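> One structure coming up, written as structure tokens, with questions to follow.
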Amino acid sequence: MRSLTVLLILLAMISHSHGKRPRHSLNSFYIEPTVGQPWPKPQSIRTTFEQYALHPAAFHFLVNSTSQTCDLLTSAFDRYYKLIFYPSSYLNYILNPKSTDNEIKYKPKKSLHDLRDVTLLKRLNVHIQEPCEQYPALESDESYTLTINGDNGMLESVSIWGAIRGLETFSHIVYPDENLGLAINQTVISDFPRFQHRGLLLDTSRHFISIRTLKMNLEAMANSKMNVFHLHIVDDQSFPYESRTFPDLSGAGAYNQEHVYSQNDIADLIEFARQRGIRVVVEFDSPGHTQSWGRVIDVLTHCYNGGKPTNELGPMDPSRNSTFDFLKKLFSEIANVFPDHYVHLGGDEVNFDCWRSNPDVQAFMRQMEFGNDYSLLEQYYMQNVVNIVASTGKGYTVWQEIIDNNVTVKADTVVDVWKEPYPVELARVTKLGYRTLLSACWYLNYISYGQDWINYYKCDPHNFNGTDAQKKLVVGGEACMWGELIDATNVISTTWPRAATVAERLWSAANVTDPNAATPRLEEHRCRYLRRGIPAAPVNGPSYCDVEYNR
Amino acid sequence: MLTMIVIDYIEAKFPLRGEPSAPNAPWPQPQYLNVSSDYIYIDPEFFIVYSNLKNCDIIDKAIERYKPIFFPPKLSIQIPNIFHEDQIFLSVSILVKSKKCHTYPQLHDDQSYSITIENSYGIIFAENVWGALNGLETFSQLLFINENNYLVTNASIYIHDWPRFPYRGILLDTARHFLPVPIIKQHLDAMVYNKFNVFHWHITDDQSWPFVSQKFPQLTEKGAFSSDHVYTPDDVQDIIEHARLRGIRTIPEFDTPGHVAALGRAFPEFLTDCYNGSIAGQAIYGVHAEREILDPTKEEVYKFMNEFLKEVKNIFKYESYIHLGMDEVYPACWMSNPNIQNFLKENNMSNGTDLMTYYSKEILKLMKSIGGKSMVWQDIWDDGVKLPSDTVIEIWKDTSLLSNSPSWSYYLSKATSEGYDAVLAAPFYLNMISYGKYNTPESVMNLEFFKWYNIDLFENFTGDNIARQRLIGGEAALWAEFIDGTNSLSRLWPRVSAVAERLWSSIYVNNPEDAQFRLDVHRCRMLRRGIPAAPILNGYCGSYEVGMKHSMVNEPIFNYIN
């Protein structure tokens, strides 16, 4: 019945030309999804029409005898086996590993007897060159090659992370087939990411997001080969991080004691991410965006009005040594809890009004000879913070203001560009020799009607005037889902598959830019999410998937 | 510990303006409400709901349904101590004055009710069962679990309440994307929680025909997305019944003569062959497709419509109205067709409007002959077709949608002054999303909410008092180009609650800055009832949020997955 596509596309054209059919204006697109096409698009992919069948009783992942291996590979085999053969129970399996709802009740559509006359893909041999790293890092190698030919498949990579990316691709090129049950075509893929840092930010302060939902989001990221989870964990509104050193921070700063991430939760989340080759970069934003920190711990600036203290608190108080003593302890804990080399230090949107009003801060300004330039105070604060974090051995990511404000930062600092016009800032930051990543054009929380992903897809982190050396300093980008109007009710369906379009921009070759060419693959990718139990919303107008979301 | 009461509204730069809400403030705001400040306690084991109507399914099933709403599963409720005896709330009685157990709600049924809570006893008083359901819903919103986990309400409450408009609709579109039955049922539940009372089921369109017809099975065989993307006769009855028991009318829309590409897959011969010069069935880019729109000159089209509408009338047997669509018919294809040109000549017609008039008159006549009443989009009325006087006209056009169109208030005034009942949909296209936050320099406000909330249906209305009565209400539409089971509930709720209050409450309940706090309380209430209603303010609800320990979204009692 999809032969009607032509008619419907014609209808679509008509309604556009009239330009006066608001109900209609976007409704007649009906795009046929691709079959067995991976997302994001590999750097190189060649397929033929030769098909092989897969059957759960006759398929194995194998580790080559000369390959490196580790627990990450074993558990990835287990996951991808379930994902490929029993997708409808997969999500439940990864979210509740102990649940008894297992694959036994899902019978394959075709029996081995049905498939006796066709070639079965019987094994995927995996070969990893280098010993497994324990955690993924900015510098990790994610390249792989995947060859499917006859009853044998071969997946080769330098690192465990490349093998995990390759397994994801493998799961995309297996597709449901009427005659074969599950099928795969003869294929050769050679693939690697264009950018090393392909991130997604979630904000757990404006609204709390349950660990279960965060895991679902990590799974969705892995499905699109995103590899950095930027956890904007605290902000003005709440402090859900349960600190070992300062339990009062969440004790008073969380919405309530159910809306906290315990140390176990955090460890669980980091492990879940690690299994998928995803880095967890946590952000403790200061000196602004810290109202929730100051409920019991006296580190914020007391605001004054007419010479008298009001009840209001401002940004962190840089005039007191105790503020930095506190930060030393907090960041040394964070350095321990979060294994990634990078901590995001925020540093954005500092409002100077409260600093200006406070007599102690004023005295400190005089003492430091800052005059009336409060940006010097901000610089002083951030300089202290980056030094504190550097002393823990960590590197840091910062919002662009820190660099705009001339703070001296370590050479390996990554600058997060979030303001428009981003090409100017990217040029500026890279000219200073800093690594940078782009967020400005990917604020996914700013929803609008229609195929808004096309704008995300068109945005490119290399879109600025600079030398090759400058371009090389761009490590990637991040899609941001700020949480003012987002919580677990809508975070997945608002983020996915829109974030996947950012993922393709960051992974695929620079010339993969045509939204029309991407659309049918995006349709398939969304339906793939649904098949895996992830409620990715429709983004291309009317459509359907074989498996729809009903809960 | 449950803290549903103390919700922090921390806004960095600007404090939220408006009055914080009581944890049990009802939504939509009742017309008259008087509440004492002291509380009485409820012991779930010893709380009784009485009714003066025996063996009435509407009431009996409602009482059953409200049990898990009064006493939410998974949330711990403390049993009040015995020394509270005089502070124990013992029972509520539902008194239906008419003593009639109605089967199905009608537009002008009395929907009012009153609630009295005094001296440990409560009374919900209503003229008929529909008012009683409204009362029961408000009553359920008055109960809350306090900070010490006691289930409480105010010790004395008096409410007298009635809707400002009798027709308060939600349109769901199941053609652009299929909506699974369990999701539709959750929407119906959420409608009850917001006192919406009409489900406008835009069931078919160009993209798909999911409605299984027993007379014409080829409609879904060829017109549905797939054999899984259909509503079987059982599904349809299930939905009608689910709605009926909750006091909600289900008005199906079968849109013709346009919006019929999916129908055309089953009956290609019903469509008009469009001509490119002398070549039949050839599209002209930007003008018309190969074939589109029913061909009104063909007798078999009317035969089909007659048979089909009879079947529909039988299936939606309680509902007197069928929505016939009749919108957005563009005559280019018709006019290109030589047979139609001849037909026009023979019948002294000159253009597409004449032909549309002819078609719509035939269909309206046919509706009358099968005993049905018609609801239509405004287009045929715009064309000057004289409609049967009991036709309901739905206004969807406005300057903001179509630059050369007058405003919706103009249409409303005109239609009602001509003696038609009219329903306003134009400003309530909830699918047209925008980012709603932080746009004013001095205040934090969910501007999207504000946008829906501050629409006054009588703005610039020029009709007389009789015409005012004919503006029967409004309808929020969730067109489904970008909506399916993944996002329909969180997209619509609680944003559409703004429309609910506008349609129910007094015109004087119009301060969005106060309302946002009550709505935030209400969204948490919906979460407690398993509806994944999205946030409109920063903050939190409780351990029953999605994915948390006591998450209600997957609680079997609140969803309908088999």
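For all residues, glycine too, the Cβ spot is worked out from N, Cα and C.
OK, TrEMBL features for this one:
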type	residues	note
ACT_SITE	A:Glu349	active site, proton donor
DISULFID	A:Cys70-A:Cys132	disulfide bond
DISULFID	A:Cys303-A:Cys354	disulfide bond
DISULFID	A:Cys527-A:Cys545	disulfide bond
DOMAIN	A:38-171	domain 'Beta-hexosaminidase eukaryotic type N-terminal'
DOMAIN	A:195-509	domain 'Glycoside hydrolase family 20 catalytic'
SIGNAL	A:1-19	signal peptide
> Between the Cα atoms of A:Cys545 (disulfide bond) and A:Cys70 (disulfide bond), find the distance and write it as a whole number of Å.
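Approximately 37 Å lies between the Cα of A:Cys545 (disulfide bond) and that of A:Cys70 (disulfide bond).
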> Round to a whole number and give the Cα-to-Cα distance in Å for the pair A:Cys303 (disulfide bond) and A:Cys527 (disulfide bond).
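If we compare the Cα positions of A:Cys303 (disulfide bond) and A:Cys527 (disulfide bond), the gap is 53 Å.
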> What is the interatomic distance between the Cα atoms of A:Cys70 (disulfide bond) and A:Glu349 (active site, proton donor), given in whole Å?
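A:Cys70 (disulfide bond) and A:Glu349 (active site, proton donor) have their Cα atoms 44 Å apart.
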> 10 Å Cβ neighbour count around A:Glu349 (active site, proton donor)?
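Here the count is 14.
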> With the cut-off set at 10 Å between Cβ atoms, which of these disulfide-bonded residues ends up with the most neighbours? Options: A:Cys70, A:Cys303, A:Cys354, A:Cys545.
A:Cys545
> Within 10 angstroms of the C-beta of A:Cys132 (disulfide bond), what count of other C-beta atoms is obtained when all protein chains are considered?
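Total other Cβ atoms inside 10 Å, all chains included: 15.
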> Using DSSP, break the domain 'Beta-hexosaminidase eukaryotic type N-terminal' (A:38-171) down into helix, strand and coil residues and give each count.
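Per DSSP, the residues of the domain 'Beta-hexosaminidase eukaryotic type N-terminal' (A:38-171) fall into 42 helix, 34 strand, 58 coil.
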> Name the one residue among A:Glu349, A:Cys354, A:Cys527 whose Cα is closest in three-dimensional space to that of A:Cys132 (disulfide bond); these are the recorded positions.
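Comparing Cα positions, the closest of these recorded positions turns out to be A:Cys527.
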> To the nearest Å, how far is the Cα of the residue listed as 'active site, proton donor' from the Cα of A:Cys527 (disulfide bond)?
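Pair distance, Cα basis, whole Å: 39 Å.
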> Can you count the other CB atoms that lie within 10 A of the CB of A:Cys527 (disulfide bond)?
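20, counting other Cβ atoms within 10 Å of A:Cys527 (disulfide bond).
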